[in-house]
Amino acid sequence: MTKITGIIAEFNPFHKGHEYLLNQIDGPKIVAMSGNWMQRGEPAIFDKWTRAEMALSCGADLVVELPVTVSVQAADFFASGAVDILKNLGITDLAFGSESAIDYNEIADIYETKETEMESFIKALPEQLSYPEKTQMMWQHFTGIKFDGNTPNHVLALAYAKAAAGKNINLQAIKRVGKFHSTKLTEGFASATALRQSLFSLTERKNLLTEQTHQSVSQKPAILDLSAIKNHVPSVILETYASPKTNWAAYFPLLQYKIRLDDHLENIFQVNQELSVRLKNAVKSAKNFDELVELVYTKRYTKARVRRLLTYILLNIPKEFNLPKEIHILGFSKAGQEILAQNRGKIISKIGQKPWDELTQKADEIYQLGNVDFKEQNFGRKPIIKREK
């Protein structure tokens, strides 16, 4: 059997750490990538097509899109949905970065053997605990794994192990190097968080220079200076970093409007009466998205969960939904094309008269409102084809 490796990613944005991960993998690589909305409840800095192009330029062979109802989920559900898509495409291996050196295949075997017992353990825990707390207690109890509170990729890797249990998928953990959630650009591999912050700082500076230039003389707008980040981004995609971008600031007025006017927030996915009341009260005084999160979260409702809930509200995700049967292709190389040829009937390459996933397509329409320079995200868009050199 040919080795085909799956990777679950956001690439928000793609950086040298991601390039390093891809370079550690032999053979064809399929990336199941979040679309325009991220797992932690935020819009992607660059749209899905831009990020797919980055991935293909740096070694991915096939990039497929996670529907929004998979991409914006807690770790277990995010992992489960993504692994199912990759397994459907025929992967033999799943590669991911982790801060830990444990054997995740062994963890998957333990979960496969004790799944019923482990899930019962979670259900028996006190209701006031958050789901991440319950999950960590489960892993500690059944495997002895310890958590130090600063291993987000390890937590996600455990979710991958759980999702891959019993599916005959070999788990390949690649040791992560660098501070992957640092907010500062440092030597070595910079985090996606640091790159996002730096990019918005550079964009604000460019906009200010453009404004000042227009006030003095009629000249061309200032160009985005990417020199500050060039050491942290693969050179082949550096220019792509000048693409249109967005963040929650662009959508906050829309979110305020939705929360204030919708009298039935409880109809939204995972929103209950208690949260509805908290949101209605908090939105009256919150001046921005981060303030709203701070006002709503509690020990039980973590910040990550609140950010996802706010995303569901903005995107109008209902309580009940079905996942799409077909897999949407964003781009491929020659090797990726060979994988697609083996999966005819499972894929959709162009969204037109035939829809793919209504909720994702509507979510993309809202995403487009975040920057006037964003292009149409679905209708008529064809997969990116990586030309071989």
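Cβ atoms are placed via backbone N, Cα and C, with glycine included.
Residues or ranges marked as ATP binding site in Swiss-Prot (evidence: sequence analysis): 8-21, GLY97, ASN153, ARG176.
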> GLY17 (ATP binding site) has how many other Cβ neighbours within 10 Å of its own Cβ?
Replying inline: 19
>> Given a 10 Å Cβ-Cβ cut-off, pick out the one of the binding-site residues PHE11, PHE14, TYR20 that has the most other Cβ atoms nearby.
In response: PHE14
> ILE8, ASN153: which of these binding-site residues has the highest Cβ count within 10 Å of its own Cβ?
Replying inline: ILE8
>> According to DSSP, collapsed to three classes, what secondary structure does GLY17 (ATP binding site) have?
In response: helix
> What three-state secondary structure does DSSP assign to PHE11 (ATP binding site)?
Replying inline: coil
